[in-house]
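Annotated features, as they stand in TrEMBL:
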- 164-194: repeat 'PPR' (REPEAT)
- 195-229: repeat 'PPR' (REPEAT)
- 296-330: repeat 'PPR' (REPEAT)
- 368-398: repeat 'PPR' (REPEAT)
- 512-604: domain 'DYW' (DOMAIN)
């Protein structure tokens, strides 16, 4: 009987059905026929309902497996993340004098864990005559970039007779991996044809490197060229909106997902939730979260973290409890980082201690540096500096700059010079290139009038070539993200913006505004200290927002650094005088200003 008459149809529905077909082939004496058995082996190897171990047992019964059988196993080993088996079986294949074909090398190349393995396979690609096979060469480009070998990847690209869109996109993605954004964009512009994957690769490159303005510009160009927005582009652009707080753009993309019927899987759903959380629309984020049909660990963690960064600690804990009660997703280490962060931002000290122990006792999760950092932050914010210091000394691992930085920041808030100086010197040595560490220590000295020590910190920064990270703020208006730096006058409406700043300051002085100069490091008279504060980037962004909106509308500002005390106080009063809500997202958390009050209740 011909083997094609008894080979099982593809696909089978279960391993039970496969075993029945296998039994039939055994009875018919076809168990050593490559064609008949390869159908069963393919299901066992590649189907979600298959069994790779059963496939390997079948393989051992074949007296003369052919190249197709080996290729099937190579692909299966790659899917199962067993690269060593792929290369071992390839060696066996060559020992049997079997010749590779165009389907052999792609899976093998992608399975390589060492660059030398890629080079050896590259040599075999040329030896067996596949030096012009575009599919194989595209995989080599990807592999060389994965190992950071830019020159090798480029050499492979230039050997392709007719590079296709995948070849060009691999080059764009590779440059992106290495942080070569301008080179990636140059290649992108040279592409003879582009598809959605190409556009997404370039937009993702801009987003990954925090070049959000260029990401938005390219996205607008993509829409002009009527390229379809798929779930990958949507997720990438949502990340860009998240980065700059571009709520209106984010809403448009969310609407696009709904209008185009794009499947809202867990990843895309989480990206939408994250966008609303980080653009200051927490209630909208929660509504989207509740409607998600599939909630993975990242979805729960994102929403709990959203409550945390908005200072809604009780809501974060309530949602964590709901996650446990639902029992579908098990809390992980990130879940507890978010829960502990929520406790820290809301002053829930006892609850923080409870969940730190609960994490270990109930879920068996050993605390890592992030968890200890949360506990240090929790205690330090509450003014319990000695207890925070004790946590650091009792950590089972050496504290890093992030853990010590939490204590240093609290020393600045609470004016503890002795401990701040001790911790500040340690954290600067651990993180010598971070300007924020020097600035915080300098501020501690400045608050205590230690101007000689302030000068010493400045000298140390200069000697080490450390530049203070420039502060900037962004506000989205009329579909455009506007960026402001302290004292900057590049904006087309700069003159009107500065006039509005002066108007704002005069208006809030009437209701009690007094500039807070604690964070100004210069030993100057009070009048000289005030001027730099007046032109901080968030004040410029708020002034621009007031110019472009009607009274009572909400302003949303994103800042890359921590909001200073003076801008925090000014924002409270501006919200009252101008009858508007102001939402500022800084490096650490959200501040919702309304009617002269802040959601943080000055606990920040």
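Here the Cβ of each residue, glycine as well, is placed from N, Cα and C on the backbone.
Just so you know, TrEMBL annotations never went through curation; they're auto-generated.
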Within the same chain, where does the repeat 'PPR' (164-194) have neighbours whose Cβ lies under 8 angstroms from its own Cβ atoms, ignoring anything closer than 6 residues to its ends? I mean 6 or more beyond. 134, 137-138, 141-142, 144-146, 148, 150, 153-154, 157, 201-202, 204-206, 208-209, 211, 214, 227
Counting only residues 6+ away from its ends, which parts of the chain sit with a Cβ under 8 Å from the repeat 'PPR' (195-229)? 165-166, 168-169, 172-173, 175-176, 179, 181, 184-185, 188, 236-237, 239-240, 243-244, 246, 249, 253, 256, 260, 262, 481, 483
Chain residues in Cβ proximity to the repeat 'PPR' (368-398) (below 8 Å; excluding those fewer than six residues from its ends, i.e. six or more beyond): 333, 336-337, 340-341, 343-345, 347-349, 352-353, 356, 359, 404, 406-407, 409-411, 413-414, 416, 419, 603-604
State the residues, same chain only, that lie 6 or more residues beyond the ends of the repeat 'PPR' (296-330) and have a CB under 8 A from a CB inside it; answer 'none' if no residue qualifies. 266-267, 269-270, 273-274, 276-278, 282, 285-286, 289, 338-339, 341-343, 345-348, 351, 355, 363, 585, 588-590, 592, 599-600, 603
Would you mind splitting the repeat 'PPR' (296-330) into helix, strand and coil residue counts from DSSP? 27 helix, 0 strand, 8 coil
Across the repeat 'PPR' (368-398), what is the average pLDDT of the model, as a whole number? 92
